[in-house]
Amino acid sequence: MRFFLSFFIIFISSVLFSFGIPNEILNFGSAIAGFSGLVLVYYALLNCGSHKRAAFLYGFFVSFVHLMSSFWLAFFEDFAIFTLGASTLAYFFIAMPFGFLLYHSLQKRENLRPFFFAAIWLLWEFAKSTGFLAYPWGTAPMICFNLKPFIQFVDITGVWGLSFIVPLIAACLGEALQTYAYSANSKAFFKGLTEIKSPLIFTAFLVLIINIYGITILSIEMKPATFLNTVIVQQNTDPWDNSQFEENIKTSQALSRKAIFSANKKPDLIVWSESSLIVPYKDNEDFYGILPYDDPFTRFLADTDTPIIVGSPYIDGKKQYNAAYLLSPEGKILDIYSKIQLVPFAEYIPFIDNPLVVRFFDKLVGFSSGWNPGTEYKVFGIKNSEGKTVNFTVPICFEDAFPAVCLNLHNAGSEVLINITNDSWSKTKSAEYQHFVVAHFRAIELRTTLVRSTNSGYSVVVDPKGKIISDMPLFEAESVYTEVPVYGHKKTFYASYKDWLPIMMFLILIFNIFLEKRRAKTARF
């Protein structure tokens, strides 16, 4: 196949896969578009003709999907040069070695190459979603939101199971497309299919088992151990606008009172979003005792007589943290959790103690400070209206997109994940829904309830099967009083054994490389 044709197919596949991910037209994406895009990726790489071409084509695919689906990163104020520009360029080069490996996997026997292709794809998505530079967007699981029975098995494998089975299905369909393209007639096509029947039958059987498992899980009724009556506030204001500081707090207070009044019932907990109090609450309690002037924050707490989760900076000596506070109705700090997984180069700049790094960032974006990463996986606890203690954790912003962060928070003893987020800067529906889709897998992986309180969307409550219990429209000032089901703390297979699947796939590939080298060495003698 000529390079131009391969490039054109990769371009089409990038567009299709981007439509598979939640976007401005299809709020929750399209599995059909996503799978179609992956089939074309397989077909293009299979026929591109060389490792170098495959590396370039896959680098283009990854970077272009990133650019199309995460274009809203350009709205991250002063950081667009990093969040969109540098990241797009970086993904092109980082993905190239995986393109090389994918092409290498396609040189194996027809019956084996779909499995090796899927294994390498899984390792790419694992690498992309892990570590300081991690960004778990633009991945295969994101096209599967509407396939509820199909995604339930992530409580065994984590989302890595989807990162394997989705490209495996696409690879099998790609093999069928390859057979069709090189068949003179239907008889030759069906004869060709018999030559690749092993991966086709195995994959079909695996998909059947996965769906039977999912249907079974969805049919089992889960009874909550108790409920946490929660007011979720979506103030739809910009916390970065210092001129609106008081108005933002007053809006959040008014929305909280509105939800309580509508329910005519005292809540167990109020949840405000990330950065709702931009002046650090700790050491500034007196400040919040007089502001806002006509409705001070601490008086509001006393009026509602309810604990609150609220996002506010936390300063400890010279270190600053993006934090979530649990405050009592009296305004006392009951506990603080500091965000661990920070946005690279936006919230956290590595080696910032180095004068050269300071000068570089001062020159480039006009400042060189940021948050420090937290170090402790905290679990908060309060008593609900039934007198039962409910333990929960508060991943901040895009921490709910990271399996490892939420898994460690859950394993610390959490019964509910309560995420607080500020995504208003994105200004797009697709950003809000993408974040939600990535995050909702945590509920299924850990079989726990997920609550998301955001300042503009998507504020939602998700049950342990990924079903939406309650939500609010995007970019509207709104609040809701909801009974959050609490199912008690338990560990799923994935919570117990963590990232066992990518580790196993990595070891299999290393063993295969060892065998290849051994065979090559034997063949020379």
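Each residue, glycine too, has its Cβ placed from N, Cα and C.
Sequence-distant contacts of GLU274 (active site, proton acceptor), defined as residues of its own chain at least six apart whose C-beta falls under 8 angstroms from its C-beta, comprise PRO239, GLY311, ASN322, ALA324, ILE396, CYS397, ILE420, THR421, ASN422, THR454, ASN455. Residues or ranges marked as active site, proton acceptor in Swiss-Prot (evidence: sequence analysis): GLU274.
The active site feature in Swiss-Prot is assigned to LYS339. Classification of LYS339 (active site) by DSSP places it in coil, neither helical nor stranded.
Per Swiss-Prot, domain 'CN hydrolase' is recorded for 228-486, and the stated evidence type is sequence analysis.
The transmembrane segment annotation in Swiss-Prot covers 25-45 (among others).
Tertiary proximity for the transmembrane segment (56-76) is limited to same-chain residues at least six positions away from its ends with a CB under 8 Å from its CB atoms, namely 6-7, 10-11, 13-15, 17-18, 21, 23, 41, 44-45, 48, 83-84, 87-89, 91-96, 98-99, 102, 137-138, 346, 425-428, 430-431, 434. Taken from Swiss-Prot, the feature transmembrane segment covers 56-76 (among others).
The feature transmembrane segment is assigned by Swiss-Prot to 81-101 (among others). Within the same chain, residues 45, 51-52, 54-63, 66-67, 70-71, 73-74, 120-121, 123-124, 127-128, 133, 135, 343-346, 364-365 sit at least 6 positions outside the transmembrane segment (81-101) and bring their C-beta atoms closer than 8 Å to a C-beta of that stretch.
Positions annotated as transmembrane segment by Swiss-Prot, on the basis of sequence analysis: 115-135 (among others).
Here the transmembrane segment (153-173) has Cβ contacts under 8 Å with residues 34-35, 38-39, 41-42, 113-115, 117-119, 121-122, 125-126, 139-141, 143-144, 196, 199-200, 203, 206-207, 210, 213-214, 217, 403, 441, 444-447, 492-494, 498-502, 505 of the same chain, all six or more residues outside its ends. The transmembrane segment annotation in Swiss-Prot covers 153-173 (among others).
If you look up Swiss-Prot, you'll see 200-220 (among others) marked as transmembrane segment.
The feature transmembrane segment is assigned by Swiss-Prot to 495-515 (among others), with sequence analysis given as support.
Summarised as a single figure, the pLDDT of the domain 'CN hydrolase' (228-486) averages 92.
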